[in-house]
Amino acid sequence: MPSAFQFQCHLVLIFLAASKGETRYLEVRDAGEDDPFLLLSEDLKRELSAGQIYRRSLRCIDMLSIEGQFTFTADQPQLHCATFFIGEPEELITIHYDFVNIDCQGGDFLKVFDGWILKGEKFPSSLDHPLTTSQRYVDFCESGNIQRSIRSSQNVAMIFFRIQLPGNGFTVTVKKNSNLFPCNVISQTPSGRFTMVIPHQHRNCSFSIIYPVVIKISDLILGHLNGLFLKKPSASCAGVGDFVELLGGAGLDPSKMFPLADLCHSFHGSAQMKIGCDNTVLRMVSSGKHINRVTFEYHQLDLQETETRKENSIEEFCFPSI
């Protein structure tokens, strides 16, 4: 059975898939008139492509993957609300406050978080983010007009808010910005292909896929030659300085996930791994001395693939969770 974490993540991504018309990835069955999913029609897509500003109201728990202007107005006291924002891997997200009417003195709040939080776990992890945890929060009640625009450090961000008086609320405009060297990414879909490049930067970058997957690394360029190790107590790339590791687990935070394999050497070819965990992360650790690059592709793991072993597979993990 799927874990509670996986159910929450899949629910968020169903919102995303529906809002983008990508139900070929996630099917929504028996949708009624009160279905909360926003399905973009072809006419609306044409209007948006023609430069129109997309506008709609926000729900207490919501998901956005499109630019536009969004308004929340409380119809009753709303104590625990959040909106998740996600872009393509090569996009950053800017959130601008157009209008805010909340009672900060009465206990209301409106906070932007640089990343995502689910069940107390953060993405990117504190080890992989350039800011401290406290710096990743921007509280409107503290900053006010001083900081009305906040840009994310990766393709995901979110807002938390509490609004107790009916009629109060806020309006935000969301825009996407290009990111030449995407670092930390949450995948919108259970399949894809991506190249991560870290150009002479001392940083760690994680690519998160909230599905059991088959992941195949086809190209890895590091600034040194060493070896390829499965994770064992006596075998690790930790002392190398530049390497890629595969992680698996049931939460969102890569630093709390189980290390499955280290790749410590450059190669051109194919290294494939089946990971049946609720969340799979490819993480590159870079010393800043070299230009490191990894290309990989992935697709959702099905039950038949758990029984079939392909050539160049490293090993299989986490299958009891699927």
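From the backbone N, Cα and C atoms, a Cβ is placed for every residue, glycine too.
As given in TrEMBL:
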{"type": "DISULFID", "residues": "Cys60-Cys81", "note": "disulfide bond"}
{"type": "DISULFID", "residues": "Cys104-Cys141", "note": "disulfide bond"}
{"type": "DISULFID", "residues": "Cys183-Cys205", "note": "disulfide bond"}
{"type": "DISULFID", "residues": "Cys237-Cys264", "note": "disulfide bond"}
{"type": "DISULFID", "residues": "Cys277-Cys318", "note": "disulfide bond"}
{"type": "DOMAIN", "residues": "52-177", "note": "domain 'Corticotropin-releasing factor binding protein N-terminal'"}
{"type": "DOMAIN", "residues": "185-306", "note": "domain 'Corticotropin-releasing factor binding protein C-terminal'"}
{"type": "SIGNAL", "residues": "1-21", "note": "signal peptide"}
Taking only the Cα atoms, work out how far Cys237 (disulfide bond) lies from Cys104 (disulfide bond), in Å, as a whole number.
49
With helix taken as DSSP H, G or I, strand as E or B and everything else coil, how many residues of the domain 'Corticotropin-releasing factor binding protein C-terminal' (185-306) land in each class?
7 helix, 69 strand, 46 coil
Tally of residues which DSSP labels helix, strand or coil - the domain 'Corticotropin-releasing factor binding protein N-terminal' (52-177):
10 helix, 67 strand, 49 coil
Just jot down the residues in the same chain as Cys141 (disulfide bond), at least 6 apart in sequence, with C-beta under 8 A of its C-beta; none if empty.
Ile102, Cys104, Asp108, Phe109, Leu110
I need the CA-to-CA distance for Cys81 (disulfide bond) versus Cys264 (disulfide bond), whole Å please.
43
Could you check which of the disulfide-bonded residues Cys183, Cys205, Cys264 is the closest Cα neighbour of Cys277 (disulfide bond)?
Cys205
Spatial neighbours, same chain, of Cys205 (disulfide bond) - Cβ under 8 Å, 6+ residues apart:
Asp128, Pro182, Cys183, Asn184, Met196, Ile198, Arg283, Met284, Ser286
Integer Å distance between the CA atoms belonging to Cys318 (disulfide bond) and Cys264 (disulfide bond):
23
May I ask which residues of the same chain, at least 6 positions away in sequence, place their Cβ under 8 angstroms from the Cβ of Cys60 (disulfide bond)?
Phe72, Gln78, His80, Cys81
Would you find the one among the disulfide-bonded residues Cys277, Cys318 whose Cβ has the most company, meaning other Cβ atoms within 10 Å?
Cys277
Neighbour count first, Cβ atoms within 10 Å, every protein chain included; then name which of Cys104, Cys264 tops the list of disulfide-bonded residues.
Cys264
Could you work out which of the disulfide-bonded residues (Cys81, Cys183, Cys237) has its C-beta surrounded by the smallest number of other C-beta atoms within 10 A?
Cys81
Would you report the average pLDDT that the model assigns to the domain 'Corticotropin-releasing factor binding protein N-terminal' (52-177)?
94
